[in-house]
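Colleague: Structure below; questions to follow.
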Ligand SMILES: Nc1ncnc2c1ncn2[C@@H]1O[C@H](COP(=O)(O)OP(=O)(O)OP(=O)(O)O)[C@@H](O)[C@H]1O
Ligand SMILES: [Mg+2]
């Protein structure tokens with residue numbers, strides 16, 4: 001019997017020095033081949049990352065992320081208190097009942113990790129007794145554990161929590177494809193609920209359809225288009241500090257609606273500075289509070305007329321009316337809410353009350369009658385008076401750009417999306433136009449509006465000015 005190689009014996013009795021020497025070339029060849037494969041993979045990965053980032057993501061990035069997620073899941077659950085248990089958490093010890101954390105925790109199941117162009121999605125299946133809240137709070141911990149830009153947690157389906165994993169911030173590019181934007185829809189048309197042809201063409205005779213109220217205004221961080229849709233959310237509140245991108249966002253929306261059978265009304269009590277570029281396409285423009293009060297009163301009268309019309313036809317909203325009787329939808333844009341609410345003297349008070357009461361009535365009555373309100377402001381606070389919370393309650397769509405004070409963030413998002421408050425406070429002031437916004441299927445999401453240069457906006461407005469509908473009791477700004 002051949003003696004075992006010293007050191008290997010007796011566990012490997014057949015392994016001798018000669019044998020090892022005879023394997024050596026094979027081992028060396030295997031090591032060289034392995035090394036070459038690794039080098040080739042690294043080179044291919046680097047090249048792909050530069051030339052075809054999406055392919056790189058599916059071939060290399062995503063499998064790595066999935067491995068990291070699976071490997072860290074246990075630790076993450078233990079550290080972030082995401083575990084459940086199938087044992088009682090109380091035990092009788094002599095005459096005492098002792099309560100404590102179970103030693104044998106059960107992990108929630110991390111399933112369906114799927115690659116997406118923006119990163120990945122996954123589903124967590126909860127154990128009976130678990131609630132989504134700790135998972136929402138652990139979003140930041142997940143992002144750190146997996147080395148990704150952000151993890152969004154959506155907990156609206158019972159018994160499960162959906163994760164949207166974003167590998168990078170797609171919103172920080174300098175300019176969001178604006179050049180091709182003014183004349184046609186960018187990216188996937190199918191993803192948008194708008195008319196197939198966005199090109200600016202006469203639509204004066206066309207009767208509005210619900211899809212006309214959806215304005216594609218930019219890009220969301222999950223790669224989808226950011227659509228402000230007045231059918232899903234009839235009224236919107238936009239807050240943002242000065243120079244954060246409120247007017248830019250309004251411009252993007254107006255440029256979409258301008259080409260469709262939609263009446264636009266401007267309330268700009270900063271003397272008309274903000275909405276002046278839209279004037280030719282507006283059906284009315286208020287540049288001070290007195291005008292605002294009059295215009296809003298005329299619009300309340302118009303909603304009452306529409307109510308009568310709906311009653312006559314037995315319709316519950318304007319979309320149920322026969323096309324030839326259907327009134328044109330109206331979008332009222334208020335730029336700088338504070339100018340309506342805050343008063344300097346007693347004399348201003350009555351006017352402010354008239355304007356804000358009519359605005360609130362419009363928001364309460366308008367949704368079904370095709371009158372929509374978009375309210376923008378640098379700040380919203382309790383110092384505006386009790387009327388402002390009543391108004392906010394009607395504004396279901398929320399957009400929070402970068403703001404300077406916590407109260408405004410909480411007023412904008414805190415009541416509907418408490419977990420969005422942090423995200424809004426972290427908006428980078430260096431990148432303009434980023435917002436945290438209502439998203440129908442995801443609760444809230446970050447997004448960035450397209451930027452239209454003043455020339456691009458002017459071109460859209462000039463090309464659509466003749467489409468401005470006349471509204472009863474209102475005079476267009478140019479008349
Ligand atoms: N989405 C965006 N992409 C690129 N740049 C943007 C974007 N939004 C805003 N900006 C830049 O920021 C500037 C200020 O934006 P904007 O005028 O919309 O701010 P604002 O919130 O209306 O400010 P104010 O309260 O003073 O009226 C714009 O002129 C533009 O240069
Ligand atoms: Mg502005």
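Positions of Cβ are set from backbone N, Cα and C atoms, glycine also.
What TrEMBL says about a protein is an automatic prediction, not a curated fact.
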Colleague: Which of these ranges is annotated transmembrane segment in TrEMBL: 20-44, 45-69?
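Modeller: Feature transmembrane segment in TrEMBL: residues 20-44.
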Colleague: Around the ATP site (240, 241, 242, 243, 244, 245, 246, 247), what further same-chain residues have their C-beta within 8 angstroms of the site's C-beta centre?
Modeller: 248, 378, 401, 402, 432
Colleague: Going by a 10 angstroms cut-off between Cβ atoms, which of the binding-site residues 240, 245 has the sparsest surroundings?
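Modeller: If we count Cβ atoms within 10 Å for the binding-site residues 240, 245, the smallest count is at 245.
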Colleague: Around the C-beta of residue 247 (ATP binding site), how many further C-beta atoms are within 10 angstroms, looking at every protein chain?
Modeller: 20
Colleague: Could you tell me which three-state DSSP class residue 246 (ATP binding site) falls into?
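Modeller: The three-state answer is helix.
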Colleague: Identify which of the binding-site residues 242, 243, 244 has its Cβ surrounded by the largest number of other Cβ atoms within 10 Å, counting every protein chain shown.
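Modeller: Per the Cβ count within 10 Å, the most buried is 244.
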Colleague: Could you say which of the binding-site residues 241, 246 has its Cβ with the most other Cβ atoms inside 10 Å?
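Modeller: It comes out as 246.
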